[in-house]
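Here is the structure we will look at, set down as structure tokens.
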Amino acid sequence: MRIILLGPPGAGKGTQAVGIVEKYNIPHISTGDIFRKNIKEGTELGKKAKEYMDQGLLVPDELTVGLVTDRISQEDCKNGFMLDGFPRNVAQGEHLDIFLKNAGISLDKVVNIEVDKSILVSRAVGRRICKSCGATYHVEFNPPKVEGVCDVCQGELYQRADDNEETVSKRIQVYLDETKPLVDYYSKQGIIADIKGDQAIDKVFEDIVAALGSGK
């Protein structure tokens, strides 16, 4: 099963990704993780990526594609993988298609988690994180038993500086401008599965599994 997971910031991709990789026994491939690993190991691609990141610049498509295709060429991806955070735009999607075609394989499904912008903003603005253990809460949807105190370790909860309405709205707009066109791109290939992400977590996962089927 070869899957791409799409969805705006705050759509719950991280939560659903855990369930997907467990159910289908495939590696979870995140571009952020790939960048960090290559930089840490000092690979040639990692060094090039670090040069851009140190300057606060976006890593060019060509370099990002190189890192991802290198990762999905590895043995543990032989029977499938789930891409999260890639492709970010249609150009990256086209590069990926060329690579997969040359490798004699194809994508099975692109899971697109859809959530209304107002809900995405509400989710992010209400998020609270434990300073000690990193547990995540939400003032409305998943509040701690005691306000401002972590249920797990009794650590102090805080709000991330970028979890404000203005910053979150900008992140969503970047997604809409850059990544949303991928939905049309994959729709034309007939492999998109639109999933309503404003439902209960279990229901969202149930819908994803129904769209993916039994796997290969």
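Every residue gets a Cβ built from N, Cα and C, even glycine.
What Swiss-Prot annotates here:
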- G10, A11, G12, K13, G14, T15, R127, T136, Y137, Q199: ATP binding site (BINDING)
- T31, R36, L57, L58, V59, G85, F86, P87, R88, Q92, R160, R171: AMP binding site (BINDING)
- C130, C133, C150, C153: Zn(2+) binding site (BINDING)
- 30-59: region 'NMP' (REGION)
- 126-163: region 'LID' (REGION)
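With the fewest other Cβ atoms inside 10 Å of its Cβ, the least crowded of the binding-site residues V59, C130, C133, C150 in this structure is C133. Reduced to three states, the DSSP call for V59 (AMP binding site) is coil. Counting only same-chain residues at least 6 apart in sequence, none has a Cβ under 8 Å from the Cβ of L57 (AMP binding site). Residue pair F86 (AMP binding site) / R127 (ATP binding site) shows a Cα separation of 25 Å. Each residue in K131, S132, G134, A135, D151, V152, Q154, G155, L157 lies on the same chain as C130, C133, C150, C153 and has a C-beta within 8 Å of the C-beta centroid of that Zn(2+) site, without being one of the site residues.
Least packed by the Cβ count within 10 Å, out of the binding-site residues G10, G12, G14, is G14.
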